[in-house]
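Colleague: Below you will find the structure I want to go over with you.
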Amino acid sequence: MLSTLQQPPRSLSRIPLHLKPLRSFFTVASASASQDQSSPPSSQILTLRRALLSRQTTATQLAESYISRLSLTEPHLHSFLHISDTLLRDAQLIDRKIEKGEDVGPLAGVLVGVKDNICTADMPSTGGSRILENYKAPFDATAVRRVKEKDGILIGKTNLDEFGMGSTTEASSFQVTANPWDLSRVPGGSSGGSAAAVSARQCMVSLGSDTGGSVRQPASFCGVVGLKPTYGRVSRFGLMAYASSLDVIGCFGTSVADTGILLHVISGHDRFDATSSNREVPDFSSQFTSINLVESKPLKGLKVGLIRETLEDGVDNGVKSAISGAASHLEELGCTVTEVSLPSFSLGLPAYYILASSESSSNLSRYDGVRYGNQVFAEELNALYNDSRAKGFGPEVQMRILMGTYALSAGYYDAYYKRAQQVRTLIRKSFKDALDDNDILISPVAPSAAYKIGEKKNDPLAMYAGDIMTVNVNLAGLPALVLPCGFVEGGPVGLPVGLQMIGAAFDEAKLLKVGHIFEQTLQGCRFVPPIVADDLAYSQQ
């Protein structure tokens, strides 16, 4: 468990600090990319696969390179709560399979970070909460199992706001994660550890969860690609429940291609999750066209709706400018971009917090010190329940449980929970109407870029307001892709801003196609944070 901010994390102290990043394909590719600021992001997964099969590098060499990177960056970032003890052993197994000429999966040798509210059998799964400190699940979540079956290697468990309740990762019970672009700023939340780890190249891709924007907002703040799939596309089995009708497992990567490859691996029906869809999973990689084959107007005829309500008062001018530039770039690619209005958009935020809090008050009731959770000694049963929860849950979780319990209580159910469900129906209809007339919708991800650590910690309403661009997508159950589109002033070199693309249900393929062409043709932007550039300079000494 990583439990301090000042000292190098205890679980990382076993990493050999004398290891310098190896001159593997990873270091060479990253160095060349950092020198060419106009080159589009490439797929690390596909590059690794070619390097492994051609024997240019080994999975073990790659793992050692990432271990070295962790030893340099993790004391500053605090992205991880746990590091896998079997990392090198798992890499050696991949190397032996390749040496024997055996087939390897599409994630062979790929180092994957996993948010710590997704269960893993070989590492603790704490949900970022003291009540589950040192808890080890007896099974892998379905998404994790599928990653392993395709020869992916788990590098560790990433930090998060406790049980996914937060927007900054400051609500973790163990540590605060920093943003790789500016260590004084938040990485977003609740999947801030997963986003920061990918941004700082501590892992290639990572898994997060998204209940109201917890994949997309950190992706925007950290300058990486984040994908929230359609509700039901990915099994939730093994994901610690926050709000069961809203929760989804999502993906992070440094490119759209890597994110799509990871999504394909974890998607599909699961008999352990009754809400998972039986729909066939398309080959998302077929949507990725080489930049050399892209036509002058590759998206000609695509109708794009820019959501008017997301660019009104309260949105920073720098964010508006970046989104306007992204819309212009889509027009250059052949899209027709028009403004669309979603009249019920502003109702989404209060409806979301009523529904999510209500569901969390039910889901978290299992953590009572008897069924689940660390137990506090008491002489009487009710005192045991009360003390275990009081000492195990953090203040944000306690507040949301109280809010949800109140909304579900007798005399208030119709006024709050039932009304919020009615609003949810209106939001679904408004999205359907807009997507009947447009292929995709676009918007900012958040009203601002990453803000300072502690800036909004004591103002929960201001923090909740930052979710206004994302919660409606969860209420409607739709897929959304976030990719970096520009910068605003702030930090040592500027702060990234993400563009949110929203599609029809189960149409992730279209989002990935548009997103891939967008990032491959975006000029003058290279989303590599300073902490990575510093590491590369070290590796070349």
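Each Cβ is built from the backbone N, Cα and C atoms, and glycine gets one as well.
Annotation comment: TrEMBL describes K115, S190 as active site, charge relay system. Taken from TrEMBL, the feature active site, acyl-ester intermediate applies to S214. Taken from TrEMBL, the feature domain 'Amidase' covers 62-512.
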Colleague: Out of these active-site residues, S190, S214, which one has the fewest other C-beta atoms within 10 Å of its own C-beta?
Modeller: S190
Colleague: 10 Å Cβ neighbour count around K115 (active site, charge relay system)?
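Modeller: Neighbour count, Cβ to Cβ under the 10 Å cut-off: 32.
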Colleague: Roughly how many angstrom lie between the C-alpha atoms of S214 (active site, acyl-ester intermediate) and S190 (active site, charge relay system)?
Modeller: 5
Colleague: If I take the alpha carbons of S190 (active site, charge relay system) and K115 (active site, charge relay system), what is the distance between them in whole Å?
Modeller: 9
